[in-house]
Amino acid sequence: MSAYPKSYNPFDDDGEDEGARPAPWRDARDLPDGPDAPADRQQYLRQEVLRRAEATAASTSRSLALMYESEKVGVASSEELARQRGVLERTEKMVDKMDQDLKISQKHINSIKSVFGGLVNYFKSKPVETPPEQNGTLASQPNSRLKEAISSSKEQEAKYQASHPNLRRLDDTDPVPRGAGSAVSTDAYPKNPHLQAYHQKIDSNLDELSVGLGRLKDIALGMQTEIEEQDDILDRLTTKVDKLDVNIKSTERKVRQL
């Protein structure tokens, strides 16, 4: 069962301290009776609806700021994964080059086992050495899915700067004027411009949240693909290093036998 009685409004939790209990929900029945009671109830309901709309708009704006912040963290993590991929690929190329050099050394060792035949073969058919590849000549690229996700999210960086709670205040850029609760005494609910503005703000924030969550999903899926591909590189690298270690030990034994 709920921890709060039925008279409490759960939406009050958003704007208050975590340790505080939510304010009780009030409606027209809580107002005193009297000659002006119907007008007071109507006035109160208008103000209450407007206050709730304002709180909801503020809540969605905070959620939007957190979404952009999460997206920025996701982009930074994705870029770090891309750099890690470059390190792994360069390491794999270095191991391949070491293996190639070791094979050439083994051929030389086998050739000089016979003094005459080894010298003849060595000068007659010297193995063609492949020039070593320069590290960093080609920039490593992440998988296409992650690359597209990073590019799409970086286009939203300006929105992140505009919505970050440490860089702006909600009332600095909101089109809804502050203190609107006192301006509804003569406005009918369907025609209240302040309420309409809050609704537009809420709808806009929810639309941006929906699109932003889609981008976050793309980043997550791209990172998953990138991690899986890097796992494959690590598996190949581990196998090559183990094989290289065996060949090095074998070459050492052959050198000692000369």
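Keep in mind that glycine also has a Cβ here, set from the backbone N, Cα and C atoms.
Taken from Swiss-Prot, the feature region 'Disordered' applies to 1-41 (among others).
Taken together, the residues of the coiled coil (76-107) have an average pLDDT of 92. Marked as coiled coil by Swiss-Prot: 76-107.
The phosphoserine feature in Swiss-Prot is assigned to Ser77 (among others); the stated evidence is similarity to another entry. For Ser77 (phosphoserine), the same-chain residues lying six or more positions away in sequence with a CB closer than 8 A to its CB are Met223.
If you look up Swiss-Prot, you'll see Ser78 (among others) marked as phosphoserine. Within the same chain, the residues at least 6 positions away from Ser78 (phosphoserine) whose Cβ sits under 8 Å from its Cβ are Pro142, Leu146, Ala149, Ile150, Ile219, Gly222, Met223, Glu226, listed in sequence order.
What Swiss-Prot lists as phosphoserine is Ser114 (among others).
The region 'Disordered' annotation in Swiss-Prot covers 127-190 (among others).
What Swiss-Prot lists as compositional bias 'Polar residues' is 132-144.
Feature annotation from Swiss-Prot assigns phosphoserine to Ser163 (among others).
Annotation source Swiss-Prot lists phosphoserine at Ser182 (among others).
Per Swiss-Prot, the feature phosphoserine maps to Ser185 (among others); the stated evidence is similarity to another entry.
In sequence order, the list of same-chain residues 6 or more apart from Ser204 (phosphoserine) whose Cβ falls under 8 Å from its Cβ is empty. Here Swiss-Prot flags Ser204 (among others) as phosphoserine, drawing on similarity to another entry.
The phosphoserine annotation in Swiss-Prot covers Ser210 (among others) and rests on similarity to another entry. The number of other CB atoms found within 10 A of the CB of Ser210 (phosphoserine), across every protein chain shown, is 10. DSSP assigns Ser210 (phosphoserine) to a helical segment in the three-state reduction.
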